[in-house]
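Annotation comment: Swiss-Prot describes ASP432, ASP438, GLU441, GLU442 as Mg(2+) binding site. The domain 'tRNA-binding' annotation in Swiss-Prot covers 39-153 and rests on sequence analysis. Taken from Swiss-Prot, the feature domain 'B5' applies to 379-454, supported by sequence analysis.
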Amino acid sequence: MIFSYKHLKKLANLNEISFEDVIKAFNLIGFEVEETKEIRHVENIKYGKVLKIYKNENSDNLTVCEIQFKDKIRIIQTTAKNVEINKYVMAFIPGSKLANNLIESKLLKGIISEGMLVGFDEMLGFEIKLVPKELSKNVIVLDEANLNEDPIANLELHDYLIDLAILPNRSDAISYLVMAKELAAFFGTKIDNDLICLKNLRVSKINSNLEGIFVKSKTLELKLYDKYLLLKSHLKLTNTYKDLENLILIHTGMPIHFLNLKSLEKVNIVSKSSSLEIANRTLKIDNNLVIEKSREIIAIPYLETQKEFEIKDSQKEFFIFMNILSPKEVRKTIKTLKLESSQIKQATKTISHGMQLNAIQYMQSLFEEIEIVNINLNLKPKEILFDHTFINRIAGFEIVKEQKFINAKKSLEILGFKFFEDKILVPAYRHDYTGPYDVIEELFRFYGYDNFPILQPEIKPFKIQKKYDFKFSLASKNYNEIKTYSLVAKEDNNFDPFNFKTEILMKTFPSEKRRIIRNSQAFSLLEIAEYNIKRKLEKINFFDFGMINEGKRALIFASNEKSFNEIKKDLFSLFSYKFELRKTKNNYLHPNASAHIFYENKLIGWMGKINPSLKISDLIFVEILLDEFNISKNQFKEYNFDPLKFRDITFSIEKNQSIDTYLKELKKIKNIFEVQIIDKFEKNEKLNITVRILLEDDAIKNLDEAILKNSWN
């Protein structure tokens with residue numbers, strides 16, 4: 001969008017801020033300045049009051065005007081037909097410049113003309129296509145003017161145009177009022193006009209899906225200053241109500257559509273297919289959005305209006321359509337009708353309800369009386385969490401304690417943000433906010449990316465984390481990998497060695513056989529084993545990695561060739577941890593050939609056979625939950641060439657007492673390699689159990705100390 005530097009400066013109260021500083025500010029807060037252009041097309045023009053008009057008898061086209069200026073009365077001739085007595089004009093007097101051409105007195109058809117009157121074409125040097133023919137032929141005539149004032153200053157004819165590239169998600173910033181707020185936030189000034197303050201407004205709910213305002217206004221006119229502002233934005237002047245639509249658009253970013261309606265009875269916006277005669281053209285509408293009254297199309301939103309429902313310049317009551325339409329539907333309308341307008345182009349972007357409110361507040365200053373229709377004025381601001389620790393982590397240093405960061409928060413407060421201890425309230429017009437990262441980006445752009453300290457990154461050599469290859473190890477132990485489904489039928493999910501509390505039933509599933517996440521991989525593996533046995537492949541040594549209930553990763557391996565102790569050795573050789581096997585009372589496992597696997601008193605798996613009441617099988621299983629502990633490889637230790645020693649210890653315990661307590665204490669002693677029971681006998685109502693301990697020399701001392709401490713035999 002093209003912005004006027006002088007108009008932005010006035011809105012944002014930037015009295016002492018130069019053009020160069022404004023350009024720098026735009027670039028620093030994230031708006032790319034694509035192009036700038038200085039406007040200095042005229043010099044030294046003056047206001048004058050028309051005292052007398054008469055025809056030049058020597059010419060068919062020239063009219064002689066006697067005009068009172070601040071210093072004296074001058075005679076200026078013109079071909080324009082709209083000059084009236086007691087009206088005011090602007091004129092180039094001798095010594096003025098038009099496009100660097102010096103204006104001097106000149107003899108025209110026998111009468112000296114002391115300058116020339118100013119029209120739209122002369123004023124800014126814009127292309128003629130922006131000005132209607134009727135305006136192009138005439139000069140500018142004013143009802144009031146102060147001869148002591150300077151029209152160049154009043155109309156800001158010496159200005160800079162700033163063409164800004166604005167990101168698609170910032171449709172709110174395609175407006176003077178929001179962009180002025182951005183500058184005010186950067187420079188720490190305050191805008192006089194509070195965009196969010198909406199008071200003493202009449203609000204109505206009407207049986208129609210149209211949103212907007214009813215307007216009552218004594219006059220419908222556009223000031224000359226505003227017309228030039230539209231020309232600066234490269235918007236064509238057409239008629240009063242179209243120019244007002246564009247003026248509201250460039251100030252608020254809200255597309256609007258004026259309609260000659262005094263009520264919304266039987267008026268709605270609908271999708272329709274039809275052939276429509278409008279604006280001397282035939283338009284074919286193909287399921288596009290239209291505004292209809294009593295099922296007759298009266299307008300295409302933000303694009304065209306039937307003549308009967310257009311606003312007349314003298315009209316005092318009308319309706320302003322302000323619906324927020326689907327950008328997809330708007331683009332479809334443009335594609336179908338191959339027509340465009342500044343309003344509908346803006347409607348292709350995301351428009352927020354906050355932008356609606358900004359437009360209503362701005363229109364309060366334009367019209368005497370407005371009535372809100374079907375628009376909610378009490379918008380709840382979006383809340384976003386505000387975590388100082390998180391912001392510091394993203395910044396890479398303690399940014400929240402910096403004065404520049406505190407100033408950045410104050411800048412956001414000027415934009416309408418409200419800060420609390422743990423949250424931020426985002427102004428309603430900022431639809432681009434979705435989470436904490438958006439808040440951080442906003443704070444950082446006002447903190448200034450140039451203010452971030454330049455830190456040398458700490459360079460470290462790459463750490464290669466080797467993944468332990470269970471597959472290779474299991475394959476070396478004569479196991480074959482299989483693949484099973486994580487989903488099973490509900491009736492096949494009766495085996496639960498881990499005692500999960502709930503079942504995960506899928507909302508969408510390929511079939512009833514694949515509906516629930518299994519509690520164990522055992523029955524899936526068993527199903528494949530039985531299939532292979534039926535095919536006369538009777539030697540089973542399988543393993544699989546998969547997911548079970550609660551999303552846990554598990555490893556399972558099973559064999560009908562190996563014994564319990566052989567599979568136990570396979571388990572302990574896979575991991576570098578001291579797992580503990582405990583006798584299980586789980587009804588799903590074989591009571592005499594199964595155990596639970598614990599690590600640091602935490603259940604991490606099971607080993608053994610399935611309870612015959614569930615399934616008769618000679619397979620011995622091991623199933624481990626891989627996420628319950630950190631998997632690491634065995635660490636290298638220098639080899640000790642000394643032969644291992646063994647010690648035998650006999651424990652005398654009660655008949656109903658378990659030997660496990662003593663075995664646990666023995667296994668805590670470092671460099672003990674093996675503890676096994678070698679003998680049992682009863683004597684004097686006591687159970688005597690002899691264990692053999694295989695250990696290194698340096699463990700003997702620790703073992704002796706433990707024997708004395710615990711009074712073992």
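The backbone N, Cα and C atoms fix where each Cβ goes, and this holds for glycine too.
Swiss-Prot feature annotations superimposed on the structure.
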residue: ASP432; record: Mg(2+) binding site; Cβ contacts under 8 Å, 6 or more apart: ASN169, ARG170, ASP172, ASP438
residue: GLU441; record: Mg(2+) binding site; Cβ contacts under 8 Å, 6 or more apart: none
residue: GLU442; record: Mg(2+) binding site; Cβ contacts under 8 Å, 6 or more apart: LEU412, PHE417
Taking the Cβ of ASP438 (Mg(2+) binding site) as the centre, count every other Cβ atom within 10 Å, in any protein chain shown.
17
